[in-house]
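Peer 1: In case it helps, TrEMBL gives these features for our protein:
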- 42-70: transmembrane segment (TRANSMEM)
- 90-107: transmembrane segment (TRANSMEM)
- 114-134: transmembrane segment (TRANSMEM)
- 154-172: transmembrane segment (TRANSMEM)
- 199-221: transmembrane segment (TRANSMEM)
- 227-247: transmembrane segment (TRANSMEM)
- 389-413: transmembrane segment (TRANSMEM)
- 425-444: transmembrane segment (TRANSMEM)
- 464-483: transmembrane segment (TRANSMEM)
- 504-528: transmembrane segment (TRANSMEM)
- 548-570: transmembrane segment (TRANSMEM)
Amino acid sequence: MSQMATMDTTQVIPKTNGVNKDLKQRVVDKLKVFRSKKTGGWYSAFLCLVNQGLVTLSFFGVGVNLVLFLTRVLGQDNATAANNVSQWTGTVYLCSLLGAFISDSYWGRFLTCAIFQLILLMGLVLISLTSWLFLSKPYGCGDGILDCIPPSPIGTALFYLAIYLVALGYGGHQPTIATFGSDQFDEENPKEKISRAAYFGYFYFALNAGSLISNTILVYYEDGGKWTLGFWASTAAGLLGLFVFLVGTPGYRYVKSFGNPLPRVAQVFVAAFRKWGVPNVDEGELYELNGSESSIKGTRKILHSNDFKKLDKAAIVTEEDRQRPVINPWRLCTITQVEEAKCIIRMCPIWLCTIMYSVIFTQMASLFVEQGAVMDATIGKFRLPAASMSAFDICSVLTCTFLYRFMVVPLAGKISGNPSGLTELQRMGVGLIIGMLSMVAAGVTEIFRLRRVIPGHETSSLSIFWQIPQYMLVGASEVFMYVGQLEFFNGQAPDGIKSLGSSLCMASMSLGNYVSSLLVNMVMHITTRGARHGWIPENLNNGHIDRFYFLLFGLALVDLVAFVFFAKWYKGINLEDSTKGGGEKESQVLEKV
């Protein structure tokens, strides 16, 4: 019996080996298909873009007309409302740093996106209920004709709680979804690297496509006193956006969190300070882990650079370090860790130079709207809401995005030899210049508006469509400045702080709003001396916001000079090429199946 069993088994073995080979090949093929098609790629990125459009629609359904809600429903004056909007918008973008930090350090990008979208939904539901139950009384008030009942303290408190929940939710979501979408492309794959660069342009396109609806349809209803309806529509868009995001869960590419970057950066400065008196050594003697593994797990190594030599001392191996049984990270850091700190230092001056542009950008949500509200906005019997003029900004963004992608990039690529057309820093500089021109256009429009003021009225007979050039110029500048920023900070940030890099763009907007608020307060304090009305009074016909626009132009001109200087000084990050190693690892994994 034993011999027969052995023989039977022996006879079957060749057939089984053939089946195993076929099965193995099929599994390998299936895995290759799964890796290339089922995780990441344009399908997953497209869901992120749709989510971005819907979430942006819900956010701007609240934010785009906020200055008019504060003046018409809550009864605030123009300067106070403009400051409150600037501070709120600044908080939105400041929260982006929080979201990016949590994403990179602890939760990962997917979970961070989901949780902050839930917070956004909570704020949208609360503002809808607050408007319905407490603020929009009587129904239809706040349309510029029918006055609202003065708000109760409870209604006002709930309103501010709601809009700051919206600020927290949207702010935390924005930089994380931008980075999460770019994660769907493998940066080490040449074709996907090109797709990844294109993604940021489409990301900003999706952002503006979502805001286009809120700036036209929702603004129309809100401007007509249907505030609650507009808020509920924003809530529905936010809920749909969350649903679309969760639908793609099985097919996303996930990048794990890399741990808190703050101790890593702090260790570099502490270790460098401790070894301040230690003589510098050659690059080859600096401490780094052997092999392809980085000291920051899951990230690529960063090659040594020759600037900020004092920080290199943190990677010098002393006799005391050799005698220690365990490495003390507060005394000895790897080259990658030191270079991560250097990258942050190098990006800071560039980032600071973008804040002035954000000051220009934020005028579109405050002074541009107040300026348009006192212009002739009638088309026959139809009155165009002042806030809906930002639709021209959005149309400009959408148009310029495609013109840049399909006309400027190929032409500039042939001239410069750079396949991306202009570098990120060059685009940011162009964006700043166009933004400056928008302030000139706004100032000229205000001069003509003041000349055609109707006696005895707060409005002017100048058509609101005179604002089109300033909105169009702001939109064109965004394509160069903000898309350039997204690509620059995300591309130049080390792997361990990619979301933080994306959040720098929004943090620039945040400080821009706070700086704008500070400038308004300073200007009003100076220009109201001696019983004068000031540049931005309650009745704009008594003021000179044209001078404020020209002031911003002058400050931006100084900022441009500084930006050009730091752009020439900047040196990019130099990552270790791991493409070849990555391909070998994939082959080994498939071979073991």
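Using N, Cα and C of the backbone, Cβ positions are placed for all residues, glycine too.
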Peer 1: Do we see three or more Cβ pairs under 8 Å linking the transmembrane segment (425-444) and the transmembrane segment (389-413), pairs being at least 6 apart in sequence?
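Peer 2: No, the transmembrane segment (425-444) does not contact the transmembrane segment (389-413).
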Peer 1: Check the transmembrane segment (464-483) against each of 114-134, 154-172, 389-413, 504-528 and return whichever range has the most CB pairs under 8 Å.
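Peer 2: Counting Cβ pairs under 8 Å, the winner is 389-413.
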Peer 1: When you check the transmembrane segment (227-247) against the transmembrane segment (504-528), do you get at least 3 Cβ pairs under 8 Å, counting only pairs 6 or more apart in sequence?
Peer 2: no
Peer 1: With the transmembrane segment (42-70) as the reference, which stretch in 114-134, 199-221, 389-413, 504-528, 548-570 has the largest tally of C-beta pairs below 8 Å?
Peer 2: 199-221
Peer 1: How about long-range neighbours of the transmembrane segment (154-172): same chain, 6 or more residues beyond its ends, C-beta under 8 Å?
Peer 2: 55, 59, 62-63, 66, 74, 88, 91-96, 98-99, 102, 112, 115-124, 126-127, 130-131, 133-135, 506
Peer 1: Which sequence positions outside the transmembrane segment (90-107), separated from its termini by at least 6 residues, show Cβ-Cβ distances below 8 Å to it?
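Peer 2: Same-chain contacts beyond the flanks: 59, 63, 113, 115-116, 164, 166-168, 170-176, 179, 257-261, 496-503, 506-514, 517.
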Peer 1: Return the stretch with the most CB pairs under 8 A relative to the transmembrane segment (199-221), choosing among 114-134, 389-413, 504-528.
Peer 2: 389-413
